[in-house]
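*Asks:* Below is the structure I would like to discuss, written out as structure tokens.
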Amino acid sequence: MALSLWPLLLLLLLLLLLSFAVTLAPTGPHSLDPGLSFLKSLLSTLDQAPQGSLSRSRFFTFLANISSSFEPGRMGEGPVGEPPPLQPPALRLHDFLVTLRGSPDWEPMLGLLGDMLALLGQEQTPRDFLVHQAGVLGGLVEVLLGALVPGGPPTPTRPPCTRDGPSDCVLAADWLPSLLLLLEGTRWQALVQVQPSVDPTNATGLDGREAAPHFLQGLLGLLTPTGELGSKEALWGGLLRTVGAPLYAAFQEGLLRVTHSLQDEVFSILGQPEPDTNGQCQGGNLQQLLLWGVRHNLSWDVQALGFLSGSPPPPPALLHCLSTGVPLPRASQPSAHISPRQRRAITVEALCENHLGPAPPYSISNFSIHLLCQHTKPATPQPHPSTTAICQTAVWYAVSWAPGAQGWLQACHDQFPDEFLDAICSNLSFSALSGSNRRLVKRLCAGLLPPPTSCPEGLPPVPLTPDIFWGCFLENETLWAERLCGEASLQAVPPSNQAWVQHVCQGPTPDVTASPPCHIGPCGERCPDGGSFLVMVCANDTMYEVLVPFWPWLAGQCRISRGGNDTCFLEGLLGPLLPSLPPLGPSPLCLTPGPFLLGMLSQLPRCQSSVPALAHPTRLHYLLRLLTFLLGPGAGGAEAQGMLGRALLLSSLPDNCSFWDAFRPEGRRSVLRTIGEYLEQDEEQPTPSGFEPTVNPSSGISKMELLACFSPVLWDLLQREKSVWALQILVQAYLHMPPENLQQLVLSAEREAAQGFLTLMLQGKLQGKLQVPPSEEQALGRLTALLLQRYPRLTSQLFIDLSPLIPFLAVSDLMRFPPSLLANDSVLAAIRDYSPGMRPEQKEALAKRLLAPELFGEVPAWPQELLWAVLPLLPHLPLENFLQLSPHQIQALEDSWPAAGLGPGHARHVLRSLVNQSVQDGEEQVRRLGPLACFLSPEELQSLVPLSDPTGPVERGLLECAANGTLSPEGRVAYELLGVLRSSGGAVLSPRELRVWAPLFSQLGLRFLQELSEPQLRAMLPVLQGTSVTPAQAVLLLGRLLPRHDLSLEELCSLHLLLPGLSPQTLQAIPRRVLVGACSCLAPELSRLSACQTAALLQTFRVKDGVKNMGTTGAGPAVCIPGQPIPTTWPDCLLPLLPLKLLQLDSLALLANRRRYWELPWSEQQAQFLWKKMQVPTNLTLRNLQALGTLAGGMSCEFLQQINSMVDFLEVVHMIYQLPTRVRGSLRACIWAELQRRMAMPEPEWTTVGPELNGLDSKLLLDLPIQLMDRLSNESIMLVVELVQRAPEQLLALTPLHQAALAERALQNLAPKETPVSGEVLETLGPLVGFLGTESTRQIPLQILLSHLSQLQGFCLGETFATELGWLLLQESVLGKPELWSQDEVEQAGRLVFTLSTEAISLIPREALGPETLERLLEKQQSWEQSRVGQLCREPQLAAKKAALVAGVVRPAAEDLPEPVPNCADVRGTFPAAWSATQIAEMELSDFEDCLTLFAGDPGLGPEELRAAMGKAKQLWGPPRGFRPEQILQLGRLLIGLGDRELQELILVDWGVLSTLGQIDGWSTTQLRIVVSSFLRQSGRHVSHLDFVHLTALGYTLCGLRPEELQHISSWEFSQAALFLGTLHLQCSEEQLEVLAHLLVLPGGFGPISNWGPEIFTEIGTIAAGIPDLALSALLRGQIQGVTPLAISVIPPPKFAVVFSPIQLSSLTSAQAVAVTPEQMAFLSPEQRRAVAWAQHEGKESPEQQGRSTAWGLQDWSRPSWSLVLTISFLGHLL
């Protein structure tokens, strides 16, 4: 049992004591009290018990305690200050006894004790005892707990307990509610009387009758243990274990019932704020927040909040007699002789006033008096007469609240300074004193300690010495508190000092005179009780030893905490009951239980007046507080404390008085900590195996509710506590909220609260403690903008105050500030300070504001002061305006330009004014230019400072330009640098010197690399990036650096960048175990492997028995058995690369290792294949689906269709779009078709759908079918626009028609139709601008277009927009006619010059296209094409336009002049394909070698140019038969220029060289035949023996095999190679493709086509074009949607028109339909073309007339439907 039983047993003991340990009114002159008679019979029974039946020590202890109960109390004579013996007063509970004796439970209770005595005397067996009495105990507990809950449990059906009745009984306990009301004070009559001491010689009363013996003290003494349980206690252990089970169950059930009842009752009183349908919520208060946490299972730290403080509860509010102004009833004065019926009731006041006399006439302990009198006035210990002894214990006075303590402190300081210094000043703990004594101690100690020689300037040293503390800290407390009190500093403080440092950090103690500081709250004034005294005394050996002689009761108080051997009675009692009983701690009941209990009861005074009933939570709160104090701190273990604390917290919430009396100010930090931990909880916690739930679906909703309803409360707590950690967590939670919910939250909060939270964010940012990852900076800007909306007016001063957060604002939010913002000098200063963190678009927006004529006038007139003030914005001026800066203006800022971050165009304009080539200080000029030197042309560098030293400062600076991307490695300046390196020889450079050349590594030729030593090469590897190493270089380096023997995992991982150089030889040298271990470090490079390298890597793991057969000849059959997969354990990094044939994972393996698989980036076909393998049940919950991770991306359309609830359907769709992998086209089409079908049906759930959709991702909005675009709300459209701005690659994944529709819809939302498009609208549209139509593009004013040319250069431009833009650029108000362009116009246009027609480009004057300008222009275009966005952009081929652009350089100036012969610098300044075959052939061999990499990588070279370049390569390396593998790889496409005989001479014995040729597209039919025949001949292989590695290596050259030869390929091997071959646009004939497709149908392949799922069609790619006509005609919709778009495009046009019907064509996904080529469309019938157009537009045009449904049941999307409108309105709230 995790929960201790001791609280329950304690209550039972109290009930028994209160029931029987009482003094009854005598019924006759000498009649014994019935209780006394009972005790005597008990004693006689024990005397008759056989010896040895139980533990002898236990019997003797028990007898001794019983015997002592009959002895009257004695007053011992002890030294002064020693407390008298513990003799508590007797209790007279006459009213209660009368009630109890009339109860039917009187007999069962007596029977319980009688049976216990019989058991001890062995008059009955334990079994008989348990049969009779277990029910009595259980019934008592049940009734007790039921009485605490309103209404209680249902009336028990069990019979009432009698002595000889059945054991399954229940106590009626009609007296128990009376007892509880009695304790609450509602019926308290003459409860406690403190009796005078009785003379032991006078055993009779004054009236001659025998006095009742003081047996109560003896009974209470039973609670004091005398020893540990012995080994003979098996009887007691069995008894407790048997009886304990029902008691524990009842106790646990009762506590839960109490808590649940309180929850409901408190909820009905306080209420709970909830968000409305719009997401708005009226904020709650702190009590409601705590109640919300309890209802949502938050674990509040009730100890830190103050609800388990262990301090005695204040007087209950229900006692009117404690109220101010209500006098307490006073008893008459004591009399020497008094009859029992006229006993005096000694008041607390009288007791506390008289107890300090020489002989207190009361039988009560000093400690009880100390407790009783704490509320009247502070207790001061009785000082020892000796001043010396007192000063040795001055520590007592230092912590005492007594006013006299200050006098003692001053006296001891004056008379015994040395002792005072040792006892007080050397103890750093006293720096944490509170009250008036703290300042006195500081002053006294400061006078005794010598001043320190020097105080540390930084954080205090560790450990702190007293002299440093008192001398430095107290001299400048404010300064040192700032250094100590930060969260990081507190963590660094040693644990021994953390307590007092934490106290000091809470602030200085205010000055008080004699009384301690008190808190005035709803309950009045509350003063601390100095309860920390025991902790300080018991933990300090010196203090403890000094104080115990004067106050002996401290020994008992400190016994537990000082690790005494005495065992608490409760602990001894429960020890056998529980396997691991938590320590009970220093509970008062473990220390001195009797006096303590009586002392607590004595604190409840007599009250004669009637008290009205109060609310149940208030009454229960007081009882729980009293119980918690009685049990002591930490008693019962964490679980018991938690349950009690939860009940205490709940019961205090409705009553402000109870709540704020207990709530500690430091509890605010605990609330923030608990909320922070809750918000940090991961909503997805996978379970070990199976489809167990892993996500709490309400967790996200609960967090949203918390933030929406209680953010103002949290903001208030943050303002008070300044917790940076909690602020960070809260801000992160806001950043992850859907924008609409966040907006509702901020707008519904009070204005002052929102402004205060923004101030907190500002402070956190200023202190550098509010950290936001780059991915969430835009969300932080959105939050800041929302908070800014709560300001009625945005001013320049507000901009200055919030300048640390300005970098996170969106441009549109930044533009909300007044236009005159930049006229403020302080604003400009703030921009200068925070400009490094601002985004370029922000600076561009602000820079454009500078151009307002009303601010600063025209650019040429700007003064130098203004230029300096706006320097961070100048690089972001539109280039046309920047070019207006005069040389004088530029030279005025000469020293500032290098660090300004200028772009190429701006930098060139500055250089023209700064560089003076006619002076001699060229090197000094370059040094001053700094980063601007990156933009110098080779000619300028040559004239200023010729490059010659590979380690020189200018050369190093230019290499830094290459490292940061400013200088292109393929440019002319880089070529000059490479010339310096080649001329000096790389061998002379040290490895460290060579490392700085890493940015130009890709341009180093193979010959140069062969000259470098191995240490030099290894030194460069750590600084290289993957893309900076060409495949040829990787082959060369891996062959040199890879150890041939004993390769370790560390060595292989150090070479991971060279993985693309994998060859048969290097792969054979890597042990399989090392490959497995290196999976994690090699994984990032796997995407750079060629298809053949990937296949070879996979082959390594599937060789039978791990034996490789990869000899140099490669002869012999494959070691794998055809058609039979070999069980293989694949490394995780290789699993996403596996062909379906090798993906042998069964359902059990997938489910058992789900955590291993759910995060892998599975391909579309793999996910579909594994989904089928798992046989996912149709009733799978959303939580189960989320547990599948990326495997859920393979979900089938049938599974979606079987989801009944619309809410569940939309949640699943949301989950799919949240996956890191893309939603496959067929699943996307299924989602929207299914949504259309559901909207056409009566759907009662539409009225309940709403908040569930708020969390859907904006990616879903972006992916909406074209037809739904017009129905989106404006807010939803803006969410899509924001998504596109953040991630433009997601826009480029859509079809062109989709992109255009989205752009037009966004423009419609931002600007009315036929109105000019403003600059703000253009900036808001962002990348969508490039897909506007002709009419919309012409709505852009030309001046606005001109000022946004720099932004347009970074966007993907659709064909329509690009054509229209090219026409607009030539207008007079933009750039004008091309024949009039100068260099400035070319630089302004940038890469947009390619939007001009070829004719217009050819008209640009040769003078405007100088070598430098031309190189920069082509570099910018190439950089764009190689960027991620550029690679996704479907721009038209620019070969003709590029040729027209460079015509003035590559063609002679006059027809009669010869063609210029290029050198390598000329080629780098243009591009290889710009030069003719004749010009290439006439190049110098050294120049060609330096540019060989560029020639091999240019896809624009024609056949003649390829032959010319290949001729130069043969001059360089000799005949082709001698080419090494790395040379063949470097030649690349140039190999097409080989003659037939030379091609036959190439050595093609392994897959390494073969794959190089197989990757080349563009071979002639003859060359294809030569390559494959040469390989088969040289390797000695037959076609039937080609494994999937060699089939993959053949690549494009596979089409060199004749159809009859292709038939011999192994279907098993080919079905694996199909994954790689299907990605190629194979130049095979239709007959060859049909043979290849037929191989996949054979038994070793995938079987009959009719059985193929869509994943098979996706796997085989373009090979699907060879499927026979009949088979294609019979394909179902799901199968068709599995065909890749590339496969669609390669189907021969006649075949395409024959095999696909209009219905099949209409089922194409939009991506498939867009892939249909114009040639294919030309062969289609009108109906087929309409079907393709319908699929391209996603249903906008139906293939059947008048909107009739197709065979697929699709409705006309344009027909109005209330359900459609409702759905779109919901989708408008997706975020």
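Including glycine, each Cβ sits where the backbone N, Cα and C put it.
Sharing the feature lines straight out of Swiss-Prot:
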- Asn65: N-linked glycosylation site (CARBOHYD)
- Asn202: N-linked glycosylation site (CARBOHYD)
- Asn297: N-linked glycosylation site (CARBOHYD)
- Asn366: N-linked glycosylation site (CARBOHYD)
- Asn427: N-linked glycosylation site (CARBOHYD)
- Asn476: N-linked glycosylation site (CARBOHYD)
- Asn540: N-linked glycosylation site (CARBOHYD)
- Asn565: N-linked glycosylation site (CARBOHYD)
- Asn656: N-linked glycosylation site (CARBOHYD)
- Asn916: N-linked glycosylation site (CARBOHYD)
- Asn1179: N-linked glycosylation site (CARBOHYD)
- Asn1274: N-linked glycosylation site (CARBOHYD)
- 1-22: signal peptide (SIGNAL)
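Help me see these features in their spatial surroundings.
*Replies:* There are 8 other Cβ atoms within 10 Å of the Cβ belonging to Asn297 (N-linked glycosylation site). The secondary structure of Asn297 (N-linked glycosylation site), as reduced to three states from DSSP, is coil rather than helix or strand.
A simple way to gauge crowding: the CB of Asn656 (N-linked glycosylation site) has 13 other CB atoms within 10 angstroms, across all the protein chains here.
Asn916 (N-linked glycosylation site) has a Cβ environment of 10 other Cβ atoms inside 10 Å.
A coil conformation is recorded for Asn1179 (N-linked glycosylation site) in the three-state DSSP classification, outside any helix or strand.
Residues within less than 8 Å, Cβ to Cβ, of Asn1274 (N-linked glycosylation site) and separated from it by at least 6 positions along the same chain comprise Asn1309.
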*Asks:* I need the nearest neighbour of Asn297 (N-linked glycosylation site) among the glycosylation sites Asn656, Asn916, Asn1179, using C-alpha distances.
*Replies:* Asn656
*Asks:* Between Asn1179 (N-linked glycosylation site) and Asn656 (N-linked glycosylation site), find the distance joining the two CA atoms and give it rounded to the nearest Å.
*Replies:* 49
*Asks:* Around the Cβ of Asn1179 (N-linked glycosylation site), how many other Cβ atoms lie within 10 Å? Please give the count over every shown protein chain.
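*Replies:* There are 8 of them.
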*Asks:* Taking just the CA atoms, what is the gap between Asn916 (N-linked glycosylation site) and Asn656 (N-linked glycosylation site) in Å?
*Replies:* 81
*Asks:* Can you check what DSSP calls Asn1274 (N-linked glycosylation site), collapsed to helix, strand or coil?
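*Replies:* Going by the DSSP assignment, Asn1274 (N-linked glycosylation site) falls within a helical segment, counted as helix.
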